[in-house]
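Participant: Could you have a look at this structure, given as structure tokens, before my questions?
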Amino acid sequence: MRPKDRISYFYDGDVGSVYFGPNHPMKPHRLCMTHHLVLSYELHNKMEVYRPHKAYPVELAQFHSPDYVEFLHRITPDTQHLFSNELAKYNLGEDCPVFENLFEFCQIYAGGTIDAARRLNNQLCDIAINWAGGLHHAKKCEASGFCYINDLVLGILELLKYHARVLYIDIDVHHGDGVEEAFYFTDRVMTVSFHKFGDMFFPGTGDVKEIGGKEGKFYAINVPLKDGIDDTSFTRLFKAIIAKVVETYQPGAIVLQCGADSLAGDRLGCFNLSIDGHSECVRFVKKFNLPLLVTGGGGYTKENVARCWAVETGVLLDTELPNEIPENEYIKYFAPDYSLKIPRGNIILENLNSKSYLSAIKMQVFENLRNIQHAPSVQMQEVPPDFYIPDFDEDEQNPDERMDQHTQDKQIQRDDEYYDGDNDNDQNMDDA
């Protein structure tokens, strides 16, 4: 039997304290609620817990255009009125507002996904979790759908330094358009998105006919679904397609985006999944025993998001959680029954996905997969180094200046973070 998975978990409390504004459905506070559930169930004792580094602008520009990154860095709520042309150009405004500490928010959630990919690359863990990540709509030069920086693309680019093929799976209710678009013309990444499609549902892309182009033709897979899909229909389809994808594509690593807006009762969603159904997908992907990077994503009924991601943290740790939520800082949000199961309420949507419809979609996907004769081979080059992170110069620091907690934490050296010698990835250089 293979030894127990080593799991790295990334969290920074600062990410949960940002505020998109009144009436905006995105509530990063859900990340604090998730983390406190993880703590109250004592799951942190079974993982290595890290605060991510704040991604540098040059790291964000590995995918995004430097001018867009620079603008995000510069813009503030107080100065935005001076930049109406740029706001329009970069799609900032109603869905993607400019708020206090916007750029730092992006640096933290993107830094978590990049760090997660690097730890997987250096074989320091088997599974890496960043619930703050998964912002799959952001494009190279613009924000979209509450997403500013596409951490998933940055994480996948990192994994591609060590893996010939990376599989991206997305179970958010919205199409993973930003990730698909980034890798649409390459066979090095296969994107598979299960999402609501039709009725002008955001973002409007993700038809089964969108299959990739040029070298990437047949390497984009879309599973367009209708309102009300339930656990049985969803998990059966998910397992059939993902099993065939892994068998055909033979990825070296998997990135799984676990958007929780596909749960029943979500403020913006229209599916009918329970947490058991949603987490069954996570359990299934884990069984392939491939390096696995897991992120969050959408999810707008925040107590259910926290329930879902806490349960899925347990699934990744092979730990079943008791239904009764232990005492924690946010316990009042889980009233009146204080249980992990979603209170079903009266809103059960009719499942508009007929058996014949789902069967036709599955057949179409399988047909497209048959066009991939075998997994593409890639001439592996020497692995580029991880992005250089400057060291502190202790002589330059003023001992009289108070350092914030984040800066102090960066100076704590952990023995288990480094190999012998100066470079984290020296051991892997010879293998590449």
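Cβ from N, Cα, C; glycine included.
Below are the features I grabbed from TrEMBL:
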type	residues	note
BINDING	ASP95, GLY145, TYR300	substrate binding site
BINDING	ASP172, HIS174, ASP261	divalent metal cation binding site
COMPBIAS	399-416	compositional bias 'Basic and acidic residues'
DOMAIN	24-314	domain 'Histone deacetylase'
REGION	385-432	region 'Disordered'
Participant: Given the binding-site residues ASP172, HIS174, ASP261, state which is nearest to TYR300 (substrate binding site) when distance is taken between Cα atoms.
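Facilitator: Smallest Cα separation from TYR300 (substrate binding site) among ASP172, HIS174, ASP261: ASP261.
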Participant: Name them in sequence order: residues not among ASP172, HIS174, ASP261 whose Cβ is within 8 Å of the mean position of the Cβ atoms defining the divalent metal cation site.
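Facilitator: Close Cβ neighbours, site residues excluded: VAL173, HIS195, GLY259, SER262, LEU268, GLY269, GLY297, GLY298, GLY299.
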Participant: Quiz question: given the binding-site residues ASP95, GLY145, HIS174, which has the greatest number of C-beta atoms lying within 10 angstroms of its own C-beta?
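Facilitator: The most densely surrounded of these binding-site residues is HIS174.
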Participant: Can you give me the Cα-Cα distance between ASP95 (substrate binding site) and ASP261 (divalent metal cation binding site) in Å, rounded to a whole number?
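Facilitator: Answer for this pair: 16 Å between alpha carbons.
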Participant: Cβ within 8 Å of the substrate site centroid (ASP95, GLY145, TYR300 excluded): which residues?
Facilitator: PRO25, MET26, HIS137, PHE146, CYS147, PHE202, LEU268, GLY298
Participant: Go through ASP172, ASP261, TYR300, the listed binding-site residues, and name the one with the sparsest Cβ surroundings, counting other Cβ atoms within 10 Å.
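Facilitator: Candidates: the binding-site residues ASP172, ASP261, TYR300. Fewest Cβ atoms within 10 Å: TYR300.
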